[in-house]
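Engineer: Look at Swiss-Prot and you will find 95-302 tagged as domain 'TLC', backed by sequence analysis. The topological domain 'Cytoplasmic' annotation in Swiss-Prot covers 1-38, 123-144, 191-225, 286-315, and the record cites sequence analysis as its basis. The annotation topological domain 'Lumenal' is assigned in Swiss-Prot to 60-101, 166-170, 247-264. What Swiss-Prot records for 39-59, 102-122, 145-165, 171-190, 226-246, 265-285 is transmembrane segment, and it gives sequence analysis as the kind of evidence.
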Amino acid sequence: MDVLLSLPQPELFKTTVIPFLANRNIIKSEAILSNLHSIFYVAIFYHIWFLFGKWILFPHLVKWKLDYDQKHNVKKDEKTTSERQAQHYKKKYTSLINQSSVHLISLLQSIVVLYYSLKFLLDPKASAEPYQTSHSRVFTENRDTQVICIFAIGYFVWDIYISTMYSTFPFVVHGIISTVVFCIGLKPYIQYYAPVFLMFELSNPSLNFRWFGIKFLPQKSKFCSLLLLLNNLTLMVVFFAARIAWGWFQIGKLCYDFYQVRNEPGFLVFDTIVILAGNFVLDILNVIWFSTMVSVAAKVLKKGESVDKVTKNEQ
């Protein structure tokens, strides 16, 4: 992944893009301007993997799954014409390929940002010793946290495009807000907290494994149902630890840091409001999502419904 950061800046960026953005004060941060080409490369990297999934990895897998479902699970409706059935099959085939490719990139990016974030956070010399004060946590920047912001922004820029093409408006908004938040981090402003809040991504692998399990594993298999159950339990534990316990603790710490530096010259009121509002909304949503997980788990335990039946009802 480091090779993406070492690629040279395209001539178009040097002569046209960066001067245009800088001269019109569209982007004032030198850190963002100097890393704009790396953000572009990261976005392209994710899109190449998306195209790999869409055209190479998933077509045969999706065809096998749909044919398997037709043979074992789906009762044919005699009133439905073969033409309508073919149209429905094609629509489902295309949709599943696209969504599978999106989830592949979601899984890939979580691995990438977790690698860089954990590498930073688990090194006391990098993440603890230089950040003993509120001032350092809000205003300090270094290449490690800068790189984390670059990979996050590159992914969310790609996410805006892909959500516009294949998803719904709320996902586009999520991508825009996330891009803005990490651009604020790259400015730099609270750059230290970029890897801290990316610990939310610890729940992402289990979330994507769950999606792939529901879509591709034989639901009548007891072994596959057990795998889904174990993954769901892992998801709940990690989700609570990373997004609820860790998330609320860190937003409290961030509020304290902002309060401590509120009178310093570099304190940015608007950026602070955007970051706090975005994080509070996300933390509240995490509580709502976790309560939904708990209610589904309770339904499985109390009513004895199988995991696959419950997850089908969720879709």
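The backbone N, Cα and C atoms fix where each Cβ goes, and this holds for glycine too.
Since the structure is predicted, the reported quantities are computational estimates derived from the model, not experimental observations.
Describe the structural context of these features.
Structural biologist: A mean pLDDT of 94 is what the model gives for the topological domain 'Cytoplasmic' (1-38).
Remote same-chain residues near the topological domain 'Cytoplasmic' (123-144) are listed as 31, 116, 188-193, 195, 256-258, 260-261, 264, 266-267 (criterion: CB distance under 8 Å, separation of at least six residues from the stretch ends).
Here the topological domain 'Lumenal' (166-170) is broken down by DSSP into helix, strand and coil counts: 3 helix, 0 strand, 2 coil.
Using a Cβ-Cβ cut-off under 8 Å and counting only residues 6 or more beyond its ends in the same chain, the transmembrane segment (39-59) has close neighbours at 4-5, 7, 10, 13, 96-98, 100-102, 104-105, 108-109, 150-151, 153-155, 157-158, 161-162.
Panel annotation: around the transmembrane segment (102-122), residues 1, 46, 49-50, 53, 57-58, 144-145, 147-148, 151-152, 155, 158, 162, 166-167, 194-196, 198-199, 201-202, 204-205, 208-209, 211-212 of the same chain, lying at least six beyond its termini, place a Cβ under 8 Å from a Cβ of the stretch.
If one looks beyond the transmembrane segment (171-190) by at least 6 residues along the same chain, the residues whose Cβ comes under 8 Å of a Cβ in the stretch are 29, 31-32, 35, 137-141, 145-146, 149-150, 152-153, 156-157, 159-160, 163-164, 254, 257, 266, 268, 271, 274-275, 278.
Residues 138-139, 177, 180-181, 184, 187, 189-190, 197, 200, 243-244, 247-248, 251, 254-255, 258 of the same chain lie 6 or more positions beyond the ends of the transmembrane segment (265-285) yet place their CB under 8 Å from a CB of it.
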Engineer: What residues elsewhere in the chain lie close to the topological domain 'Cytoplasmic' (1-38), defined as a C-beta under 8 angstroms and at least 6 residues from its ends?
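Structural biologist: Distant Cβ neighbours of the topological domain 'Cytoplasmic' (1-38) are 45, 112, 115-116, 141, 146-147, 150-151, 154, 183, 186-188.
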Engineer: Six or more residues beyond either end and a Cβ under 8 Å away: which residues meet both conditions relative to the topological domain 'Lumenal' (247-264)?
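Structural biologist: Cβ under 8 Å, 6 or more out: 134-135, 137-139, 190, 193, 196-197, 200, 272, 275-276, 279-280, 282-283, 286.
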